[in-house]
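> Questions regarding the structure given below will be posed in turn.
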Amino acid sequence: MSTGTAQAGHTAAGATGDAVCVVRDLVKTYPAVRAGRGAPALPETRATDGISLDVRRGEIFGLLGPNGAGKSTLVRQLTGLLRPDSGTVELLGHDLVRHPERAARLLAYLGQESTALDELTVALAAETTGRLRGLRAREARAARDEVLEELALTPLAHKPLKKLSGGQRRLACFAAALVGERPVLVLDEPTTGMDPVARRAVWSAVDRRRAQCGATVLLVTHNVIEAETVLDRVAVVDRGKVIACDTPAGLKALVSDEVRLDLVWRQAPPLDVPEVAALRPKATEAGRRWLLRLPQDQARAAVAAVTGGPAFAALDDFTLATPSLEDVYLALGGRTKGLVRT
Amino acid sequence: MTDQCVAPAAPLAPRARLWPALGAVYRAQLSRARVARIPLLFVATFQSVGIMVLMRGVVDGGSEARAVVAGSSVLVVAFVALNLLAQYFGQLRAGGGLDHYATLPVPPASVVLGAAAAYASFTLPGTLVTAVFGCLLFGLPMGGLWILLLVVPLAGAALAGLGAALGLLAPRQELATLAGQLGMSAALLLGVLPPERMPELVVRARDLLPSTYGVEAFARTFAASPDWGAVALDLAVCGAVGVLSLALATWAYRRAAVR
C-alpha cells in the first residue's frame, strides 16, 4: 500500500516517477460561433492553452479557478470525453489521447450533471453504475449497500434522485461514482449545494479510499476554503492556463507579507476622516463592504484608524485575516470575480 | 516524453460485458419509464383509442377497419419508442448525461439497445389495450392478438432505433424533439389511414416507414385464414429494419459520446 506517499513535502523535481497523471502542453480551442437568433457571436476560445501538470499517486490534486476558467474542459480531456487539439495525457501509463476509451477502465468520474441518473432511485443509480463498471450483479449490490451506508444515504435509497434536494442528489451521484473501485477519482465540484454533514461524508469517504487503496483524487473546485482544507496540491487555472501550482501553504507564502482587511460600514463610509479617505483608492468596494489587501504595517495603521474616533462609529464590522488562496489568485493576476468562500 | 520515468502501465479494470450491461440499462430504463412515463403511456393509448372512435364513422368494417385497428395499435409503439426516445436521447445529449455512460466501460450497443428495449416493452400494455378496444369497436376477431408479442418488439426495435438515432444526431435538443414528433406524425398519417384511399406517392412513402410492416403483419392476422407467409415476410422486414436502425443508433451514440 502506498498511503499518502506523495504529500505536501515533495518538491516538483524528482517526483514525476510516481506521477499518476502526466499532462503536457495540452491545447483545446473551441471554434468561433457565428451569431444566431438571440445568441451573440463568440470568438474562437482557447479553453485549454498549453497546460502541463503532474498528479502524484495518492494525492488530492485540485484545479482551482473561477467559472469559465477552463477547468471542466481540462477535466473532460483527462477523462477521455474530449479530444485535445494537441498535447499528451498519460494516466497510469496509458496514453489517453490515443486511447480515450481506456479512461473509463482507470478512473471514476463525477461530472456536474446528473441527467442520466435523475429519474432512478438512489439505490438503482448506484447499482446500475456498478454493473456498468463491470461488476457482477451480486458484487454491485454489495458495493451499493456499502457505499450508501458509508455516505448515510440508506434512508433515501428508494427515493428517485429528482425528488432529493440539490445537495442530497449530488451526494447520490457521488455514491454512484464510488461503486466499483477505481485507482483515480475525478470529481468536478463534488460538494456543490451540500450541507456540512454531507461534505464531511464526502471527504471522509475520499480519505478512506486514499488510506485503503492509495487512490488518487483530481478535484475541480471554485471554492477556496475547500481548496485550502482538503487539497494536497493545487493548480490555479485562469483563462485556460495554469498560473501557479503548489501546495496551498506554498502558494499562500507568495503573498504572506500581505493581510486582508474587510470593513463593513453601517451606512456611507466616513470619508471626512482623512485616514478613511486615504484607504478608499486601495479598497475593492461591494456595497457597504470594503476589501483591502495591505502590507502588515499599513493594515495595523488602518485598523487603528478605523477603530478609533468617528470612523469607529460608522463601522459595522471588520475582520483581519491572513491571505487565502483567493488572494493568491488575485495576486497572480487572476480576474477578480468568481471564486467563492463558503 | 523522455524525462518520464517509465513505469509499467497499470492494469485496466475489466469492461462491462454486452449482455449484463444491456440488462442493467434495460432495468434502469424500465424503472425510469415507470416513474416518469406512465402518464405519457395513457396519452398514447387514449390518442389511439380516440382515433379509432373517430374512424368508426368513416370506415365500415372489412380491410379498412383492420388497417385502422392495426395502425392505431402500432401508433402507441411509435409514440413511445420513436417520439419519446428521440426526446430522451436529445435531452441526455444536451444535458451532458451522455458523459455518465461515456466514462463507464460499457459497450455503446448496451446503452442504446437497453434503452430501446425498455421503451419498446413499455409500450406493450398500451398496444394491447388499444388492440382489444379496436377489436371490440369494429367487431374483429381477437384470436390473432398474440402476434403483438412479435409485432411490438420488432416494430419497437425499428422505431426505437430510429428514435434514438434522431435524438443523438440532432444538433440541438429542440430539433430532436421536433424530429421525434414528425416521425410519429408520419406513423400516424401513413399507418392509421387505410392505404386503399391513398395516392400512389403517399403509398410509396408509407412503404419506407418501418412501422408499416408491423401494421401490415398485424392487419393480416384479422383475416379468416391469415396468409402466414406474408405475415412472416412483413415481420422479417421489420426485424431487418430494426437491426439496421439500431446499428445506426449505436453508431450515433459513439459519435455523440466522444467528441
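Including glycine, each Cβ sits where the backbone N, Cα and C put it.
Per TrEMBL, the feature transmembrane segment maps to B:35-55, B:67-90, B:111-139, B:145-168, B:175-193, B:228-253. As annotated by TrEMBL, domain 'ABC-2 type transporter transmembrane' applies to B:69-250.
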> Are the transmembrane segment (B:228-253) and the transmembrane segment (B:111-139) close, by which I mean at least 3 Cβ pairs under 8 Å that are 6+ residues apart in sequence?
yes
> Which one, B:35-55, B:67-90, B:145-168, has the most C-beta pairs under 8 Å toward the transmembrane segment (B:175-193)?
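Between the candidates B:35-55, B:67-90, B:145-168, the best contact partner of the transmembrane segment (B:175-193) is B:67-90.
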> By Cβ distance under 8 Å, which residues at least 6 away from the ends of the transmembrane segment (B:67-90) in the same chain are close to it?
37, 40-41, 43-45, 47-49, 51-52, 55, 59, 115-116, 119-120, 122-123, 126-127, 130-131, 134-135, 137-138, 140, 148, 151-152, 155-156, 159-160, 162-164, 166-168, 170, 173, 175-177, 179-181, 183-184, 187-188, 191-195, 211, 214-216, 218-219, 222
> Would you kindly list the residues that approach the transmembrane segment (B:111-139) from elsewhere in its chain, counting only those six or more residues past its ends and only Cβ-Cβ distances under 8 Å?
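That would be 21-30, 32-34, 37, 41-42, 44-45, 48-49, 52-53, 56, 59, 61, 65-66, 68-69, 72-77, 79-81, 84-85, 88-89, 101, 145, 148, 151-153, 156-157, 159-161, 163-164, 218, 246, 249-250, 253.
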> Using a Cβ cut-off of under 8 Å, list the residues of the same chain at least 6 residues beyond the transmembrane segment (B:145-168) that approach it.
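Contacts with the transmembrane segment (B:145-168): 73-74, 77-78, 81-93, 112, 115-117, 119-121, 123-124, 127-128, 131-132, 135, 176, 179-180, 183, 187, 210-211, 213-215, 217-218, 221, 231, 235, 238-239, 241-249, 252-253, 255-256.
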